[in-house]
Amino acid sequence: QKEHGGEKPFGCADCGKRFSQKRNLLIHQRVHTGEKPFACGHCGRRFRQKCHLARHKRVHTGERPFTCARCPKAFMDKLGLTLHQRLHTGERPYACDRCPKAFRRKQNLTVHQRLH
């Protein structure tokens, strides 16, 4: 089956989640095995993926490579920058289906919905 056709021929035997690449299935399986092969040399914290270790290392280095184009703020990861940019744009992509309120962060919507 073809990856670009949206087909996902590789299935997880534990939960059924499907993947277009075998590599992604193997990474996913660490969720079930608990395997965390990547360790931080500074604090020893372990991660399932190398990219998660690289992001974590910024806690120790203070590196903030994601900078806002509208103000001097900088962030350790792209998500932090994306959430911050919503302050400038006013974007609130998480709308409550029971009232007119909308939120910048999904977790804020979740907390809000518990009030209904």
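Positions of Cβ are set from backbone N, Cα and C atoms, glycine also.
A TrEMBL annotation is a machine prediction, not a hand-curated record.
As annotated by TrEMBL, domain 'C2H2-type' applies to 10-37, 38-65, 66-93, 94-116.
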For the domain 'C2H2-type' (38-65), sequence-distant contacts whose Cβ falls under 8 Å of one of its Cβ atoms, 6 or more beyond its ends: 27, 30-31, 74-77
Confidence summary for the domain 'C2H2-type' (66-93), mean pLDDT rounded: 97
Counts by DSSP class (helix H/G/I, strand E/B, coil) across the domain 'C2H2-type' (10-37): 12 helix, 4 strand, 12 coil
